[in-house]
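Participant: From TrEMBL, here are the annotated features:
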type: DISULFID; residues: CYS134-CYS173; note: disulfide bond
type: DOMAIN; residues: 8-231; note: domain 'Lipid-binding serum glycoprotein N-terminal'
type: DOMAIN; residues: 246-449; note: domain 'Lipid-binding serum glycoprotein C-terminal'
Amino acid sequence: TNPGFVVRITQAGLDYAHQQGITILEKELSQLKLSDISGDSRVGRVGKVHYELSRLRLRDFHLPYSRITPISNVGLQVSISNAFAELDGDWRVKFLFVRDHGSFNLKVENVYIKISLRLGSDASGKPTISTSECSARISKVRVLFSGRLGWLYNLFHRAIESRLRKILEEKVCVIVDKSVQNELQKYVQTLPVTARIDNKTGIDYSLVAPPRATAQSLDADLKGEFYSLAHRSTVPFSPLPLAFPSDHDRMVYFGASSYFFNTAAIAYHEAGALVFEITENMIPKDAGFSLDTSIFSAFIPQLEEMYPNMPMKFRLSTPTAPFLTIGPGGISLKPTVDAQAYAILPDGSLAPLFLLSLVRNVSAVINVRSGHIVGSLDVGRIRLSLKDSAVGTFEVRMMQSLMNILTSSTLLPRLNARLDEGFPLPLLDRIQLSNTLVRFHQNFLLLGADVHFQPR
């Protein structure tokens, strides 16, 4: 299934996400808890040294060098090198008739960690992430004991260093797995797979396939489909494949296809939201006319005889959902609107007068603001034709300027006010966009942005 909406995270975006993740992992590792350790170390034929380590405290755990790499058809790989940590605690030792105790300091250096992350999706279309592999290797452990009996410490320090190295290597991967499960997996699940727009429509942002890694990015294919909240029907056409460009200047890119926007037209049309009424109180004061039969009697003389000086109203509706096209030159559409004119009788009832068909060239300006796609429409001149009349035939060409003023001064501001509220982009929790760009390609709109994560 081709996606209606694509999200691409570039290497720059992965690097930024990786920095945030490493900060969390560093914090998790610095809180690592170690149990007391005891054991015996044999000293030739003389006997055994019995040692006990207690109150082990990890002071810090630093991950200064790391990188994240997308591995095609596999997932993400995180490599950490030259990490180091420091640990202290108390020791107690017994050898023959000698007993001693004190404190110690342990320096762990040259820690190498390799983490492989598997990407997937659950039944609801939300992304999933898990640890598929983790290995940790510590090449250098140095323990420093306080005290005066240097010869005694030399009897067992190698055994302690070896045990602590093995324990720490195992614990690191336990912490990594826990951090991925408790932090990263929970966070990626904040991606909204449905976004309610208003009381009529919503957007389906569920994944149509698991996220896929390429050599340079991480791509997520989303359904990208508007739907009516009252009744969700099957869209009568399919998304076209998107020839995504190889832009990498921004951290994240969104590809919104013509399918995405055209399903919005279907959803709003099915929800009855593309019906507008123009009445007298909506006419701007500086328009220079009132919406009544007297203004139209100049074009339709018989109107003055049948309904003299009566207020009027227009009911505008789209006979079919208006579809747009996207190309390198921008967004354009040519909607057909039916305009039914009524006379408002003294008792408040409506007398149908005539039905016009309005065809107009419309172009759109698109931008990104506060995580929403926002826009505004610009319109050309109307072309009119008469579809039906209860007041006889008349020349519609003479009414063109008047209808142009009516729709431009009343309908267009309402549509632009709605478009200015915007439609939410599929963003994880606490993500803000900046440095946005908008570009038009064949059959889709490309939005690029840098990302800022707002910690709690």
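Placed from the backbone N, Cα and C atoms, the Cβ positions cover glycine too.
What does the local environment look like for each feature on the list?
Facilitator: Contacts of CYS173 (disulfide bond) defined by a Cβ separation under 8 A and a same-chain sequence distance of 6+ are given as ILE113, CYS134, SER135, ALA136, in order along the sequence.
Averaged over the domain 'Lipid-binding serum glycoprotein C-terminal' (246-449), the predicted model reaches a pLDDT of 93.
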Participant: Once the chains shown are all counted, how many other Cβ atoms turn up within 10 Å of the Cβ of CYS134 (disulfide bond)?
Facilitator: 18
